[in-house]
């Protein structure tokens, strides 16, 4: 094999390595005590002295619901906790209690840390922080709407002077949708809620990329906007269809840090993290979001460096806060007291970032409106 062919083969294998998904199993899945508990529970419907009323089996081993008075009420069935999921949860909690008594540290089961449920909510802290982020997004959108329609002057045709009004309305709807489905998914991560969470995330990061290009390059002509947006929308829709109907490609949740606020994070930090620990970004979905996210970072970083915008300092503030938030995702740690882990703190960190983000958008609306008014005089 000559030198050129050898170099091409090396490049091909290197590229292929990024396309092959990681097949790591969690440490808890292989724990023999946990596995024995799970097998016994799925046969008997009990973990220790605790038994589950929906773990009832007929003579052929299939679960049955039993008489109506033993079934869960309809209003409680939304939890989707079946026999297998209840066995997994209680075996995990029982095993973690044993490990804690022996001085062991928490380990992951089925790819996730052992969280304590609260009223059937899997990750209560992440749900609470997602709900607060949703409220902040709604507040930001509402204040943006009031500013444009009731505080700033309007055109003679009653339209706003700010050229990106409609785009930020769409952004707000997608952002609120993402945080809503994030809260739902952390409440109970069944296949449907995971697909809705991932789909809303991809839709938001894709539209954020479009909005970044249109705002930073000051694209105001409708025909030019369509030329920019059409291929990106087609790509995002195709990827969402891929996730929903072909393969729900799991990856590390680091990609979420580039979804809601793609302008907020240091691209150098992300690139260094990708090089030093590529497993953090495993999965096609994560790579797609990373590509659009890093492009956003580069564009916003250059724009903040060359613009004379009076609120450009907020973009740099976004970068600092976003980098701190990203650290929480990269340096993962188990949940404290079974409730708050690094990912939950990432959700908490996004609360002030959401406020700062909408603060910049409002400042941008005021700045652009005043600039256009000066030109008309």
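For all residues, glycine too, the Cβ spot is worked out from N, Cα and C.
What TrEMBL says about this one:
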- 1-25: signal peptide (SIGNAL)
- 125-149: transmembrane segment (TRANSMEM)
- 161-184: transmembrane segment (TRANSMEM)
- 196-214: transmembrane segment (TRANSMEM)
- 226-245: transmembrane segment (TRANSMEM)
- 288-307: transmembrane segment (TRANSMEM)
- 313-331: transmembrane segment (TRANSMEM)
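Segment contact is absent for the transmembrane segment (288-307) and the transmembrane segment (161-184), given fewer than three CB pairs below 8 angstroms at sequence separation of 6 or more. With respect to Cβ pairs under 8 Å, the transmembrane segment (226-245) is most closely packed against 196-214, considering the stretches 125-149, 161-184, 196-214, 313-331.
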